[in-house]
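To start, the structure under review is shown below, and the notes come after it.
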């Protein structure tokens with residue numbers, strides 16, 4: 001019965017094939033062969049028939065469209081080679097009539113790759129669906145590229161077989177009615193119908209079971225052991241490929257079973273599961289050696305990262321759950337099994353050990369990274385990324401372990417006995433080893449802590465002043481200042497303000513360095529000027545001596561003297577002599593003729609007995625207001641000042657403005673201390689009569705407020721002086737308020753300048769004593785005294801323009817309560833040179849004096 005059925009079916013299909021060959025177009029047969037067996041190696045008897053039915057032009061057209069062959073083609077080729085001629089004719093006729101080829105757009109010359117969203121779009125989270133598995137399965141054939149339409153054709157293979165089988169059944173029925181009543185052929189046709197229907201139903205059931213099993217195996221594999229698929233060797237991979245080819249054609253195997261050739265194909269469920277397992281396992285490199293698309297790689301990495309995260313969370317939860325009973329232990333209720341003989345470091349050294357980063361360990365880690373990179377270049381992309389990731393973590397752990405080990409000196413450990421050979425118990429061996437390890441750790445940590453503390457002690461010298469003050473107050477220990485804190489603190493910002501960021505710190509450091517460079521250059525210039533000034537002062541002092549020897553009253557000497565006095569004050573040895581000679585010549589004519597002798601007035605004061613109380617109070621109040629409350633009160637006041645003022649009060653001139661200042665500074669000056677009160681009396685009266693006489697005061701008051709004068713030219717330009725540009729604020733009396741605020745050293749220099757600018761050349765025009773016999777002082781003053789009010793006005797102008805702060809006007813200057821207020825500003829700083837400040841004041845004064 002079986003042989004009759006086979007022969008009948010073969011004959012029926014052969015006749016069906018001949019009948020449809022004339023009705024169908026020439027393109028149908030190549031399309032059908034492209035799905036199942038367009039390139040099947042047929043026996044010689046079938047080759048001629050296939051060529052005559054299909055035509056070479058149609059086959060060339062299909063081959064030029066780059067339509068990939070299916071895995072069933074190779075399978076059917078093997079079966080056709082082993083089958084007889086009748087079986088081959090029957091199979092070829094069924095293939096040519098049952099399966100239509102895919103429709104191809106004739107205008108499309110190149111198969112374009114589909115868009116990423118359409119090629120991998122899915123609603124599930126699976127990396128590869130059954131469709132993608134089947135498509136990758138089809139790509140393992142001889143062709144390299146296949147279209148998505150061909151892959152969908154393979155997946156819908158059972159429905160195509162059902163349709164073509166129904167069409168074939170109808171065609172067979174028509175052929176049998178036109179051929180006469182042949183009972184054998186009808187029986188054969190009915191048998192083929194039943195067999196084909198059974199095969200279709202079996203194929204549908206088998207396909208559904210296979211898909212369910214593949215999904216189930218995929219889920220079980222990812223939930224239990226993810227690394228199962230990566231451990232397949234090359235033999236298992238090749239075996240999985242062969243099983244995949246057979247399992248992909250499971251629909252074909254059920255059809256061929258109908259024709260009695262099912263023994264050629266193995267359609268077991270175990271092999272189907274193996275193939276589905278192989279292709280559902282996500283891996284960076286597919287088995288067909290084709291690279292994945294970027295979207296598939298992304299989904300693969302996403303799935304792997306999610307699985308790693310889930311596994312990590314499970315391990316963490318499991319670890320902490322197992323430790324819950326340890327956390328619940330109360331203090332003092334500790335299990336004995338939890339106590340170990342482990343050496344522990346103190347908190348101070350533990351921080352050092354944790355933060356230590358040796359340079360050799362960094363170099364070692366860098367070399368490992370380089371070797372790892374160069375060694376991994378021979379692998380593919382997936383292996384490089386996986387290897388570099390693993391090596392990175394291994395290098396970090398190795399470097400940290402080696403860095404910690406390098407801090408420990410294991411050479412201190414004694415040689416340990418060998419267990420089993422020496423008579424040492426295990427307990428004794430473990431105890432000795434732990435003691436040795438503890439000693440090594442403690443010694444190494446102590447050595448490291450000492451080195452760290454020594455480094456911090458050295459670096460504490462460069463910390464900001466605020467931190468040093470905090471240490472002095474017990475608020476912070478500079479030895480415990482770490483390197484991280486040193487990075488955020490800076491000398492240019494107080495410690496209570498937020499730290500600077502790196503860019504701001506660099507910018508400020510650059511600006512500070514620039515400012516320091518400029519300041520250093522300025523300081524170098526100042527040092528050079530100071531050295532030059534010292535040399536110049538010493539030279540000028542020697543010149544003063546030479547001028548005195550040569551006659552200082554000469555015209556040339558006075559010119560040189562007037563220039564040098566602006567740079568260098570008189571020395572203590574030459575001051576008194578220069579004053580006397582340039583004001584009254586060597587003959588001392590004024591002292592002899594117009595100044596009352598000191599000893600006569602002193603005798604008169606003695607004869608008076610009790611000095612008038614009101615006069616004495618006035619003198620005391622004058623000393624108090626003019627000296628003690630001013631900058632002169634910072635120094636001791638000579639007791640002889642009271643005597644000199646009393647004598648001056650009973651003299652013919654009486655006490656005039658400025659007497660208390662002149663007597664005080666001359667008494668304090670070393671230039672007149674050794675000369676006695678008589679000489680001081682004569683010098684003070686000489687200066688008052690020549691430099692500050694009544695005529696000079698009158699001219700000062702008249703010229704200082706002159707509208708076209710120099711003072712008015714400066715002060716009228718500024719509206720701030722409009723309230724003090726009057727006779728009440730600027731006059732000869734308020735001029736002395738300025739001198740009350742002048743320091744002693746600068747005061748003597750000012751007197752030197754005023755005296756020199758009131759001198760005259762007695763060498764060229766000597767004093768004729770006979771001319772001034774029985775002449776009063778006014779006559780002599782009109783003939784031989786220089787009235788230089790300009791030097792006094794320029795002095796006041798210098799103060800008003802450059803040092804007018806701390807007081808409203810010259811009249812209110814005497815009422816300033818600050819004793820330390822000084823002109824120039826009193827600076828009590830050891831780094832500030834008072835001589836330099838005074839020299840600047842004198843230079844400005846000389847500048848304004850040249851304007852007159």
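Using N, Cα and C of the backbone, Cβ positions are placed for all residues, glycine too.
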Task: Annotated stretch (region 'Disordered', per Swiss-Prot) among the listed ranges 206-248, 249-291 - done: 206-248
- [ ] Quick one: give me the count of other CB atoms within 10 A of the CB of residue 520 (phosphoserine).
- [x] 10
TODO: Take the Cβ of residue 517 (phosphoserine) and count every other Cβ within 10 Å, whichever protein chain it belongs to.
DONE: 10
- [ ] Return one of helix, strand or coil for residue 517 (phosphoserine), based on DSSP.
- [x] helix
